[in-house]
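Checked TrEMBL, it gives:
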{"type": "TRANSMEM", "residues": "A:6-25", "note": "transmembrane segment"}
{"type": "TRANSMEM", "residues": "A:32-53", "note": "transmembrane segment"}
{"type": "TRANSMEM", "residues": "A:59-81", "note": "transmembrane segment"}
{"type": "TRANSMEM", "residues": "A:93-115", "note": "transmembrane segment"}
{"type": "TRANSMEM", "residues": "A:135-153", "note": "transmembrane segment"}
{"type": "TRANSMEM", "residues": "A:187-211", "note": "transmembrane segment"}
{"type": "TRANSMEM", "residues": "A:217-243", "note": "transmembrane segment"}
{"type": "TRANSMEM", "residues": "A:250-272", "note": "transmembrane segment"}
Amino acid sequence: MLASIIASGLAVGAVYALIGITYNTMFATSRVMSFTAGQLGMLGGVFGSLFTLRLGLPILPALVLTLACCALIGVVTEIVAVRPVLKSLDQHLYVLTTLAVALLIQHMTAMEWSTEPQPFPRLLDLGSGIWDEKYWLPVAVCILTILGLEYLYRRTLVGRAFVAIAEDNFAARALGLPERNLRIASYALAGAIGALAGFAGGQLLLAFFANGPLLNFYGFIPVALGGLGNNRGAVIGGFLLGLFQQAANFLVGGIFSSVAVFTLFIIVLLAAPQGMFGAQAARRV
Amino acid sequence: MTITRRALALGGTSLAAGAAFSTHLATPALAQNEPIRIGWLAALTGPSSAPGIGFNRGVLFAAEAINAAGGVKGRRVEIITRDTQGDPTKAVNATQEMISQLRVHAIWGPTNSGESLAVTAIMARAKMPNIHPCVVDTLIDERRYPNAFRLTPSNTQWDDAVRSYCLTRVNAKKVAVIGDTTGYGVSAVNASVAAFQRDKAEVVYKANIDATQPDMTPDMLRARNAGAEAIVFWSVSTGLIARLLNTRANMNWDVPFVGHPAMSSGEVGSLVERPANWEKVYAIGYKSCSYDASGNLPPRTAELVRRLAGKVNLQDSLLWWVSSAIDAVELIAKAVEASNSTAKEAIIEHWNGLKAYPGYYGTYTYSPTQHNGYPTEEVVMSAANSAKNGAFALAPGY
């Protein structure tokens, strides 16, 4: 039982962590919590199934196309739901606009794809039991993604520009950084990361339009637990959430496990409002 | 010539009076020849459209067959269809249009319980004869809705059939009852658990699982550890069903699944990891639409299938959707024929007197105090993975 809890807990935790990173990537350059993150994860599964099973493409081209499509949707989100409300961030209008786009994506998927879950293919056909690829693949992809992002942010010029925008938007613009282009690029990157979450977790979650709200909710928890904008915190928060959720599933059953998860979430936020790994924000008085 | 307001008013009044007079005079002739208008509330598009399309094929087939044979005492059957898209609001609008503008003589549908809950009271107020295939128990209440008749089994009848199969044919004395977290899933699980306990069976595990939960191992392990000998399942979620079946296979557990007809949906077949995972799954079916051990349908159904051949596609539909819709249209036509009237009261009175009416889908018996007309003994369990031309093989034990 313990092995099963760990295998499935880490797998769903990795998917939640990747959605958390999607939230963070969009937040870093725009200060907007875009509620399209979960839908991008859902689309990763749907596009993956579409390109591989319906259109018969090999896995690699299907993955590339999935990432490209979701990156494009990320860019469209930036243009239609984020950019128009950036001037009035304090009014939190982005909640409305990004939720509207999320709903649009979900309903379009329901109409054009299916309201029933559709199969997702075996990707590598490796492993069985608790070593089945559906458990370890999301974990591996999550680790590779966080390593890739660390490399991007620390070793590349574009990555450093992202960090500069995230640290101080005004100063970065004053230095001549193309803030708008970098923001568009970060939304494209977030779209690709969300797609990766859905693609890697497709065998667990299936290609199902209703996965969007689920990932939106459970992907937000690692962000809150790990500290807003902190990717390493989101990864640790995601894995902890997955393990706790699966343990609660085993111990108290499906319905009550959601209650247990949200109870723990509230307790953690009461104890550490900035998240477990977030720094206390200094406020000038 | 100048048209004054007085002349216009006088002219208008004369025209209206003339029209009313002529209509009044013409009424008897029209009533004898006017078509029998049957309102058909169909979910032809949207998420629950698969049954709607199947029912529609039966409706059109029945209407064409009756009209080709000269109609009902010379009167044609006219089907007036409105696509509700499975949306209760659209169903309400269509019902009101059928009652007040289209003046239909009877309504068949809606075909899902959510819509039916929204329109049943409206039809009752208009005393509109209504026959529908929805399973929620509260939709039939002979005192509040004396106009509403159920063509299919109720939820309770489904539950009785599943329980009977588990206890007498699978010989399972310890069962796990599992459903989803929707209103339907929760109420169906509670009702099923209570009924098993009334029959002195032991419900060793009860769970409502979120349909999007990715891993079913916890629930299946708990059910196995509790000693479940059969899993009774209540949900329409094909993803949930497939995950449970895949988990059962991964656990090398061969416990039978018994329950909701959704377990026999083709979607489940595409979601299970191996075809073998779909074995030992017994979904609710109907005797009239089941193959016996020799692979034959009952004679009356076989005759219907021969008539349908080349006219109605059964490859992507269920036979009971088609046959029950044929029965619905024929029940309305027979009521008009027997009572020689399209009056609402006459149709309802005829249905209230039906005893063992032999339809294709079932043998119906209604009375003023019982509008659940489908016999429980005709509800059977089918082997979920045995679909062929819209019908299923009987589950083992029959």
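Cβ coordinates are placed from backbone N, Cα and C, and glycine is handled just like the others.
Remember, TrEMBL labels are computer predictions, not curated facts.
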Which range wins on Cβ pairs under 8 Å with the transmembrane segment (A:6-25): A:32-53, A:59-81, A:93-115, A:217-243, A:250-272?
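It is A:217-243, which has the most Cβ pairs under 8 Å.
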May I ask you to check whether the transmembrane segment (A:217-243) and the transmembrane segment (A:93-115) make contact, with contact taken as at least three Cβ pairs under 8 Å and only pairs 6 or more apart in sequence counted?
no
Do any residues of this chain, six or more beyond the ends of the transmembrane segment (A:32-53), have a C-beta under 8 angstroms from a C-beta of it, and if so which?
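That would be 15, 18-19, 22-23, 26, 59, 61-63, 65-66, 69-70, 73-74, 77, 81-82, 85-86, 89, 94-95, 98-99, 101-102, 105-106, 109, 113, 118-121, 187, 190-191, 193-202, 205-217, 219-220.
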